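Some features that Swiss-Prot has for this protein:
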ACT_SITE  108  active site
ACT_SITE  116  active site
ACT_SITE  156  active site
BINDING   113  Ca(2+) binding site
DOMAIN    59-217  domain 'TNase-like'
TRANSMEM  15-37  transmembrane segment
C-alpha cells in the first residue's frame, strides 16, 4: 500500500532540521542586520553616543557642519551613509537651533590651537577673526569626515577632521597650520594628534619661516596657550 501522506497541519518539532536551519538563518540575519545598523544607519547624536569602541577603533563618521563657533571648533551633524542613505535629498538636515538641540557633536580640531576670540569680557587675540572667518569659509555648511580621538573636559569631541576639495581630501588642522591661523597644541593635557604630530610640527615650522598668519607678529606673538593661562587662569 502507498504511504499515508503526512498531515500538513501537524506541528513540527523544534529540533526538526528545517526549524534549526530557519532559526539559524534568522539569528544570523538579525546579528548582521544589527551590525549594519550600528555602523551605517544609527546616528551619533551627542558625545554620550560615542562608545569606547568607536574611539578605540578610530571609526570615521561622516556628517554636516551646522555651525562654526570658534577658530578651532564646529558643530557636526552625523549623517550615516551620506547621500546614498538619502541625506540632503530624502532625509533633511535640521536648520533651526531648536531642531538641532541635542542632535550634534561639538568638534574640537585635533592637534591645533587657534587664536582666542573675545569671551567673557576678555580681549580677542590678533588673527582670531581671520581664523574664524577662514574656518567658516572652509567647512561651514559642508560635509566632513571626523575621526574621534577623545572627549575633553568641556564635552567636546577632539577629532581629526577631513574634507574633500577639488585637489583631494584635506586635513583641516593641517590646512589651518599652513596658513598660520593655528599653531600646534601646547597644552599638556587633551593633546590628540593621531599619527600626525610630526607632520603638524613641520607644517607649523614652514608657516613660521614664511611668517604666515600669526607668525607675522614675530616677537609680539602670544600663543593661544599662553593667552589662556594669562587671561583665564589669572596668571
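The backbone N, Cα and C atoms fix where each Cβ goes, glycine too.
Each residue contributes its Cα atom, and for residue 113 (Ca(2+) binding site) and residue 156 (active site) these two points are 14 Å apart.
Least crowded of the active-site residues (108, 156), judged by neighbouring Cβ atoms within 10 Å of its own Cβ: 156. Cβ neighbours of residue 116 (active site) (same chain, under 8 Å, six or more residues apart in sequence): 71, 122, 124, 125, 128, 224, 227, 228, 231. According to its DSSP assignment, the residue listed as 'Ca(2+) binding site' is in a strand. Geometry remark: residue 108 (active site) versus residue 156 (active site), CA distance 6 Å. Around the Cβ of the residue listed as 'Ca(2+) binding site', 23 further Cβ atoms fall within 10 Å across all displayed protein chains. Mapped onto three states, the DSSP output places residue 156 (active site) in coil. The average pLDDT for the domain 'TNase-like' (59-217) in the predicted structure is 94.
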